[in-house]
Amino acid sequence: MYGSNAQTAAEAEIRTLATDGTDSLEREVDSSASGGDRRTIGESAAHNGGDPRMSLRERLGTGFQLAGASAAVLRANPRLAVYPLVGGLATVAYLATVFGGFVAIGGSESLALVIGLLVGAYAGSMFLVSVSVAALVWASRETFAGRTPSATAAFRAAGSHLRALLVWSILSAFVGIALQALEESSEIVGVILSALLSTGWLALTYFVIPVVVLEDAGPTTMIQESGRIIRDTWGETLGSEFGVGFVTALLLVPGLVLGVALYFLVPGESALLVAVIGGGLVVCVGMLVGYTLGAIAKTALYVFACTGTMPGEFDESALADDADPS
């Protein structure tokens, strides 16, 4: 009897300490969002998100719940889709300008110029996409806090991290081109090695933009902090990616069906053009929604990793039920 009472008292004390620690961490996160010391967020990720006692099924379940809740957040805040739309349009315009200028001067036989063009195109497009994603991550975090951010404020917040985002974009360009060159080698070993390295790189840098925007991490620490978070939330991240990927695939189906239908219904030689344009537009909308969902889920997963709790817009009870089957 005495041993049972002692165990009960110890468990109660542990729960009290855990609650106090979570409340303290949430105060740190709120302080960081208002301009306080943000280094504690990344350092605390290993102690909160990704409980090592959780099974793979529980981790994946949490990730799927996260993806589903992200769809509810987007339905309630459709303006969040503006950020990837702006980034996508800016990227298309940038690439058209770069390659259009290259074609206008008649191309070049200089290998150095071609490589420079590829790096510039890759890095520039990555930079524009990174800025738009950074704005979306910041806006998502504000939405979780119950605020309604403006696009101007979101892009201003992203603009305050241009140096880190530029370094990240250039680094991504060089890594991407190197992996592509390795993949295109004639050796099958090169293809396999490229796939493995690409997967590892994507995993290691998964949280780079949230870390830069929400922790104010610099170029020298952003990858380290991202790796620390992914190490402790790998299961939830995998489940979230599967969930968002599944939803995105479903969103692409109407565009594909519409394209096929238009091809057979529209008479004349213009059938293919009409099918590509009509179906392509719907597919683009689906991709836009899927991309936005992915960024929202990533931001929520980052908050979960840092605080051990879901943002207010997410169904914490469902997540708790999934994580504790008993």
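Think of each number as a place in line: the chain as shown, counted from 1.
Quick reminder: no glycine exception, Cβ is built from N, Cα and C everywhere.
Record features, source TrEMBL:
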type     : residues : note
COMPBIAS : 24-41    : compositional bias 'Basic and acidic residues'
REGION   : 16-53    : region 'Disordered'
TRANSMEM : 80-105   : transmembrane segment
TRANSMEM : 111-139  : transmembrane segment
TRANSMEM : 160-182  : transmembrane segment
TRANSMEM : 188-214  : transmembrane segment
TRANSMEM : 242-265  : transmembrane segment
TRANSMEM : 271-293  : transmembrane segment
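Panel annotation: around the transmembrane segment (160-182), residues 115, 118-119, 122-124, 126-127, 130-131, 134, 190-191, 193-194, 197-198, 201, 205, 208-209, 212-213, 216-219, 222 of the same chain, lying at least six beyond its termini, place a Cβ under 8 Å from a Cβ of the stretch.
Under 8 Å from some Cβ of the transmembrane segment (188-214) lie the Cβ atoms of residues 32-33, 38, 41-42, 130, 133-134, 137-138, 141, 157-158, 161, 164-165, 168, 172, 175, 179-180, 182, 222-223, 225-227, 229-230, 234, 237, 298-299, 302, 305, all in the same chain and six or more residues away from its ends.
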